[in-house]
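*Asks:* Heads up, here are the entries from TrEMBL:
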BINDING   ARG42  L-glutamate binding site
BINDING   TRP102, THR152, ASP172, GLN195, ASN237, THR238  pyridoxal 5'-phosphate binding site
DOMAIN    4-348  domain 'Aminotransferase class V'
MOD_RES   LYS196  N6-(pyridoxal phosphate)lysine
Amino acid sequence: MTRVFNFSPGPATLPEPVLRQAAEEMLDWHGSGMSVMEMSHRGKEFMSIHAETEDLLKELMGIPANYKVLFMQGGAIGENAIVPMNLIGATGKADYVLTGDWSKKSYKEAKTYGQVNVAATGEASKFTALPKQQEWKLDPGAAYVHICSNETIGGVQFHWTPDTGRVPLVADMSSDILSRPIDVAKYGLIYAGAQKNIGPSGLTIVIVREDLLGHALPVTPSAFNYKVQAEADSMYNTPPTYAIYIAGLVLKHVKKLGGMKAVAQHNEEKAAILYDFLDATAFYRNPIAKEDRSRMNVPFWLKDDALNDAFLKGAQERGMIQLKGHRSVGGMRASIYNAMPIEGVKALVQYMKEFERQHG
Ligand code: PMP
């Protein structure tokens, strides 16, 4: 068996020990005589998996006691509607900060549910830099301010936490949750699809401050009502049980590695290897402002787009896959989430050098 270095933006590579353990436990979880996939979500076995996963997330992220952790479905695109449905009712309006494709998508979807304003946009830089906090025009009467902490397509990432005063900060952390320590208390709500750093697709994590519950618009489906889900401990409907189980294994793995600080250091090292090389060559280019560069998704362009297919083919032959950039921007993109080993990044840079020598 040979495993590839998978640079996919998501669903993405997972830690090999986690996959091995899941394989071992596939037919008989801990002597229960069944797979986790076959368990009732209300049985004692799954209830213990669910509780352990939630506790581990709280511990690793340092989630304060006045926050609820919800395991939901519908992904981050679902949350683009679910967030305003649940929160905008407090004042009827919300601020959105546009930093790339994903935050633009969130903004568009929210318009259906209230008065939605663009508080800041990175458009002038073609979204290669975050708009500086001094330029933000925040409305003190907004129910929340929405950001995307890491733009998976564009490759910009917040390395600072915006100050939104008393207005709750809401962040789509789909592509950088669990990649570094964050101060959860600075956020009103955090949401993320699981399929990058946490586990398989199908699970959406929502971390919400309790005082924000209870403002859902009447149109909100009950399964997507945070208060209903919080009161039912995410069991109002059947949760994505197997995805929660894998998430639990990933969290245990992360804890074993040393938690958020250790993971962040590893991610910084990996990103530095790639960016240092990109900065040292004229053959490849990354246009993102240095202070805003993502440590999770690194887009880059070859000097000549006509070489793209040859580059991808050579990478594939060397066991490196999913390097093609998003269809909307072209070029290449290396997604280097938590589970991408440093060897994968080194192998990529070595191949990039070799390709440059041949075609430069
Ligand atoms: N937001 C961000 C930052 C993402 O990276 C993605 C997925 N790539 C989404 C939203 C959409 O997630 P989903 O397809 O799970 O709804």
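Numbering starts at 1 and runs along the chain as it is shown here.
Every residue, even glycine, has its Cβ placed from backbone N, Cα and C.
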*Asks:* Based on DSSP, name the secondary structure state of THR238 (pyridoxal 5'-phosphate binding site): helix, strand or coil.
*Replies:* coil
*Asks:* Measuring Cα to Cα, tell me the gap between LYS196 (N6-(pyridoxal phosphate)lysine) and TRP102 (pyridoxal 5'-phosphate binding site) in whole angstrom.
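*Replies:* With the alpha carbons as reference points, the distance is 15 Å.
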*Asks:* Between TRP102 (pyridoxal 5'-phosphate binding site) and the residue listed as 'L-glutamate binding site', how far is it from one CA atom to the other, in Å?
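*Replies:* With the alpha carbons as reference points, the distance is 35 Å.
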*Asks:* When the Cα of the residue listed as 'L-glutamate binding site' is compared with the Cα of each of the binding-site residues THR152, ASP172, GLN195, ASN237, which one is closest?
*Replies:* ASN237
*Asks:* Using a 10 angstroms cut-off on Cβ to Cβ distances, just flag whichever of ARG42, LYS196 is the loneliest among these recorded positions.
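*Replies:* Across ARG42, LYS196, these recorded positions, the one with fewest Cβ atoms within 10 Å is ARG42.
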*Asks:* Over the domain 'Aminotransferase class V' (4-348), what does the predicted model average in pLDDT?
*Replies:* 98
*Asks:* Which recorded positions of ARG42, LYS196, ASN237, THR238 contact ligand 1 in the sense of C-beta under 6 Å?
*Replies:* none
